[in-house]
Amino acid sequence: MATKHMFDSSTGLVDRNLRGTVAQNPALRYYSPHKVVFDPSHDNKKVAVISGGGAGHEPAQAGFVGKGMLAACISGDIFASPSAAQICSGIDLINHDAGVVMVVNNYTGDCLHFGLAAEKARAAMAYSGKEGGGVEAVIVADDVAVGRKRGGLVGRRGLAGNIFTCKILGAASDKGYDVKRIADLGRNLMDNMVSIGTSLDHCHVPGRPKGAEERGALAEEAAELGMGIHNEPGFKHMDKKPEPEALLAEMLQLLLDPNDEDRAYTPFNKDDAPVLFVNNLGGMSQLEMNAITDLTIELLESKWGLHPCRVLCGSYMTSLNAPGFGVSLINQKRFEKNTGQSLLELLDYPTTAYSWLGVQSGWGSASGHPRDRKAEEKEAADHLHSVRKAGGSVSGLAGPGASSNGPVNPNPELVKKAIIAACDATVEIEPTLTRYDTIVGDGDCGETLAQAGNEVKKALEKGEIPVDNAAGTLIAIGEVLEYAMGGTSGAIYALFFAGLVQSLLSNPKGTQADSKVWGKASLDALENLGRYTPARPGDRTLVDALDPFCRALGAGKSLTEAVDASKVGAEKTQAMTPRLGRATYVGSKDAGEMPPDPGAWGIWALADGLRKGLGQ
């Protein structure tokens, strides 16, 4: 495959790509610092449907921003999720009083960062007293290449079904449906959509090594069935590429076989008249794509008795220049039966999103005006600044005196001592965590947690963390953790803190943040975290220490008892087989050979530091 590019480096490429995208639609605007493409004219009375993810999948998702589809798209770097901070800015840049629905591909980074942004948005709405229509996330998981056994805790991957989902939910929003209705439609769509991809080779990222071995290239005659959109391994490696008919026959077998217990995700009957969605992964000619579409229809009709009622073919969600394609089938009749909503009505609904290869509507008078890109970007920045200044924004919520809502800390000075003690505990435990993580991970757990502790302590000393209001305290700490920790661990901590905030804000203003309030908040936050990570007790993660700690507090036990329960949970991880994260690769060691999970041990250390600071 081609490894030559016009741009020999990816530096600045994503930003230029997004500017070029916005240039093609006069109704759109771009906020460069956080890579947000948005529609400033989005109707405030209608739910804002947003999406995003790593770059490299163009035209996804920025090319699908427009009336009748997305209100905003937030882009990360190539194949990297945008941060929660970016996503929060995206929400602040659009009108969202009617609520927000996020369309998120089922990848760990995307789910965690969009999940954290969702929690921050809910907290911001509660803070400002304008909860509106709420915030919901629809997780797109349409890939059948990852079966039930292999998918395990994380489930199926998200493929081009993301764009189909954006189209359906964007149309539902424009028709005036509320957040719950739109989210329900999205989740039902997941029950009625199956996809699989195949490629002749991996894609190539500009600036990366070009050698075949270095980039994991496939052999000249080989192909990969079920390859992901980030060069992930497929379901089946084929040393010799089969003929197109044989390849498509196997793909349809994986999509449609009702006897495949591992992959029969969606039933299809002969009279179901599905929607056929054929997606170019970026490196296929349209000549071949059209031929693949024709052959797919032929096989559906002759082998399965299925006659598609709608056919879409083109580049919707690519993998840079991968020479491959994906096939998706949507059971529109079953969808309508389950929801009472015609899928075809929403699919055929007009949109101004220029990359949608289907029914479109015009841009109106805006298309005739010359554009001043610098002025547009300044306008976006000014708008974001004004939203933050007004208070209660999603991307700039915390700060001294930011709010007096929810319960108050009865002893602010004691709270300050507890925070300092917890921060000191992260520094003291760092060598131990580093030693543990060097054995089972990449060795950075201790340093990451200690850095977070130091940054929280600095923010506290600068007066950036209010200690009089319980929710305000946690919002400020959560924001520091999000930036100081980064990665998956930072998102998990910040998600937990966001859940605590949501629960605290459900209490009347001015009430005391006593043990009962904290116990309920801990359980609520634990439940909330479980919505965004598959980790459960027994999986050898930080949840093994966090879960018993929260449940002890929720049951009315003392903080000392909760800390003891946390330590027992952390100690138990030593005998567990890892099921998530990098530690799974060393999970074949005998019980007792591995140290306790460093993340779990860190949770116990934090809890113990908190206990000492409170003098218990």
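Note: Cβ is positioned from N, Cα and C throughout, glycine not excepted.
Curation plays no part in TrEMBL annotations; they are all automatic predictions.
Under the heading active site, tele-hemiaminal-histidine intermediate, TrEMBL lists His230. In sequence order, Gly54, Gly56, Phe79, Ser319 are the residues near His230 (active site, tele-hemiaminal-histidine intermediate), counting only same-chain partners six or more apart with C-beta under 8 A.
The substrate binding site annotation in TrEMBL covers Gly54, Ala55, Gly56, His57, Asp110. Ala55 (substrate binding site) is surrounded by 25 other CB atoms, counting those within 10 A of its CB over all protein chains shown. In the three-state DSSP reading, Ala55 (substrate binding site) counts as strand.
Per DSSP, the secondary structure of the compositional bias 'Basic and acidic residues' (369-384) breaks down as 12 helix, 0 strand, 4 coil. The compositional bias 'Basic and acidic residues' annotation in TrEMBL covers 369-384.
Among the features that TrEMBL reports, domain 'DhaK' is placed at 9-356.
According to TrEMBL, the feature domain 'DhaL' maps to 413-612. Summarised as a single figure, the pLDDT of the domain 'DhaL' (413-612) averages 89.
Residues or ranges marked as region 'Disordered' by TrEMBL: 364-384 (among others).
Annotation source TrEMBL lists region 'Disordered' at 391-410 (among others).
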Greatest C-beta neighbour count within 10 angstroms, which of the binding-site residues Gly54, Gly56: Gly56
For Asp110 (substrate binding site): intrachain residues, at least 6 apart, with Cβ closer than 8 Å: Gly52, Gly53, Ser81, Val104, Gly158
Shell of the substrate site beyond Gly54, Ala55, Gly56, His57, Asp110, same chain only (C-beta within 8 angstroms of their C-beta centre): Gly53, Ala60, Ser75, Gly76, Ile78, Phe79, Ala80, Ser81, His230
Spatial neighbours of the compositional bias 'Basic and acidic residues' (369-384) far in sequence, C-beta under 8 Å, 6+ residues away: 19, 23, 26, 29-33, 36, 38, 40, 89, 92-93, 393, 395
Surrounding CB atoms that lie within 10 Å of the CB of His57 (substrate binding site), all protein chains: 27
Mapped DSSP class for His230 (active site, tele-hemiaminal-histidine intermediate), helix or strand or coil: coil
